[in-house]
Structures are given as structure tokens and as C-alpha cells.
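Everything on this sheet refers to the single structure shown next.
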Amino acid sequence: MMRIGVLASGRGSNLQALIEAWKLGELNGELVAVGSDHEEAQALKRAVEAGIPHGAFPLSRFSSRQEQEKAILTWLREQKVELLALAGFMRVLSKEFLQDIQIPVLNIHPSLLPSFQGLHAQRQALDYGVKISGCTVHFVDEGLDSGPIIAQEAVLVLPGDTEDSLSARILEAEHRLYPEVVGWVAGGRIKRNGRIVVKI
Ligand code: GRF
């Protein structure tokens with residue numbers, strides 16, 4: 001069973017989907033740590049309810065971003081995390097953090113990458129006028145939503161969609177896809193060769 005950690009800044013609905021999959025035994029691992037950069041994050045409350053060790057690392061408690069990241073990394077190591085899943089973590093992790101951590105780091109993004117990287121991906125998709133969007137689970141590298149893609153799920157953009165309605169439809173797909181893909185990675189079913197990721 002792989003020891004899985006999650007970093008989340010806010011609502012934590014993807015964390016909740018991971019918690020539910022874990023409780024159903026579908027994750028090939030166990031959730032052992034939930035960290036946040038916001039003390040008040042709903043994600044931390046979800047961790048408390050699920051009985052998962054949690055930690056808050058608000059920037060205000062540190063002298064720099066670097067010190068904040070160091071504290072997060074030390075804590076993840078203390079929890080012996082072997083796989084890290086970002087779930088709405090609103091900070092771009094530094095190159096140093098990603099080099100030092102030496103475990104796979106995953107992220108879920110609410111668009112079909114490489115389209116619409118960064119913030120407000122659903123609004124970007126609507127403004128661009130695409131007819132299909134979706135979500136992407138990818139390995140995290142030092143760029144912005146630029147790491148190797150593991151899996152994607154397409155979602156229709158419907159006439160009259162608003163940012164809220166499209167976000168809600170994409171979120172349903174996220175909640176299906178993320179636990180499934182975390183389970184693949186935790187179960188050793190992913191092979192990576194440069195940018196190309198294959199499920200075995
Ligand atoms: C999701 O849309 C995710 O794709 C993005 O941030 C949002 C987090 O939502 N990275 P939640 O906190 O999991 O509810």
C-alpha cells in the first residue's frame with residue numbers, strides 16, 4: 001500500500017473524492033497526510049473528519065516561500081509520503097522542491113492540456129469558444145501545468161454555459177478521473193518515458 005499525501009489550498013472536493021475511493025479500497029494506497037497553505041481550508045476539515053494527519057503551512061508563518069516549501073517537504077517526509085497528489089494547491093512548486101522530494105507528484109487541472117494552462121481554465125475555454133473541454137491528470141514539473149500527461153477526460157461545452165455550469169460539469173469528471181489515476185500510479189501501473197506516459 002503506497003503512502004499518499006495531498007496538498008490542497010481550498011474547497012477540497014477532489015480530496016474528498018480521493019478519501020471516498022480510499023475508503024472503498026480503490027486507491028492501492030492510503031491517505032496519510034493532507035497539507036494546506038491556508039489554515040482555514042475546507043480541505044483540512046475534510047482531513048480531520050476522515051482522520052487523516054493534516055498540517056497547515058500559511059506563508060505568514062515563514063520568512064519566505066522557500067522556508068514554507070522546506071517545512072512542507074520535511075513534514076511530508078515525516079509522514080513517509082511516497083506519492084504526492086496536488087488537489088487545488090494554488091502554489092507553483094519550485095524546481096528545488098520537485099528535485100528534492102524524489103517521489104512522483106501529480107496534479108489535476110480543469111482543461112484538456114496543453115490548452116488553457118494556469119488560473120481560470122474553464123473561463124479561458126469559454127472565452128476561446130471551444131466546444132469540448134475537460135480535465136487532465138499530469139505529473140508535475142517545474143512549469144505551469146506542463147508536465148507529462150497521464151490521463152484526460154473530455155467534457156462537452158454546451159450553448160449557454162457559464163463559468164459555473166462548465167466548472168461543475170468538469171468537476172464531476174475530475175472526481176471520477178483523479179482517484180482512478182492516483183490508483184494506477186500507486187499500483188505501479190504507469191510507465192513513463194520522457195513525456196510519454198503509458199498505462200500498463
Ligand atoms: C479543481 O478544479 C482542480 O482541477 C483545480 O483546482 C480545483 C480544486 O477544486 N486544480 P477542489 O478544491 O478539489 O474542490
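Every residue, even glycine, has its Cβ placed from backbone N, Cα and C.
Over in TrEMBL, the protein carries these features:
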ACT_SITE  His109  active site, proton donor
BINDING   Gly12, Ser13, Asn14  N(1)-(5-phospho-beta-D-ribosyl)glycinamide binding site
BINDING   Arg65, Asn107  (6R)-10-formyltetrahydrofolate binding site
DOMAIN    2-182  domain 'Formyl transferase N-terminal'
SITE      Asp145  site 'Raises pKa of active site His'
Recorded positions near ligand 1 among Ser13, Asn14, Arg65, Asp145 (Cβ under 6 Å): Ser13, Asn14
Rounded to the nearest Å - Cα separation of Gly12 (N(1)-(5-phospho-beta-D-ribosyl)glycinamide binding site) and Asn107 ((6R)-10-formyltetrahydrofolate binding site): 13
Nonlocal neighbours by CB distance (under 8 Å) for Arg65 ((6R)-10-formyltetrahydrofolate binding site), same chain, sequence gap 6 or more: Leu59, Arg91, Ser94
Spatial neighbours of Asp145 (site 'Raises pKa of active site His') among the recorded positions Ser13, Asn14, Asn107, His109 [C-alpha, 10 Å]: Asn107, His109
Distance [Cα-Cα, Å, rounded] between His109 (active site, proton donor) and Ser13 (N(1)-(5-phospho-beta-D-ribosyl)glycinamide binding site): 13
Conformational class of Asn14 (N(1)-(5-phospho-beta-D-ribosyl)glycinamide binding site) under the three-state DSSP mapping: helix
Pairwise CA distance, Asn107 ((6R)-10-formyltetrahydrofolate binding site) versus Ser13 (N(1)-(5-phospho-beta-D-ribosyl)glycinamide binding site), rounded so that it is a whole Å: 14
Cβ within 8 Å of the mean position of the Cβ atoms of Gly12, Ser13, Asn14: remaining residues of the chain near N(1)-(5-phospho-beta-D-ribosyl)glycinamide: Ala8, Gly10, Arg11, Leu15, Gln16, Ala17, Ala43, Arg46, Ala87, Gly88, His175
Sparsest-packed among the binding-site residues, when each Cβ's other Cβ atoms within 10 Å are tallied, from Ser13, Asn14, Asn107: Ser13
Three-state secondary structure, which DSSP defines for Asp145 (site 'Raises pKa of active site His'): coil
Within the predicted model, mean pLDDT of the domain 'Formyl transferase N-terminal' (2-182): 98
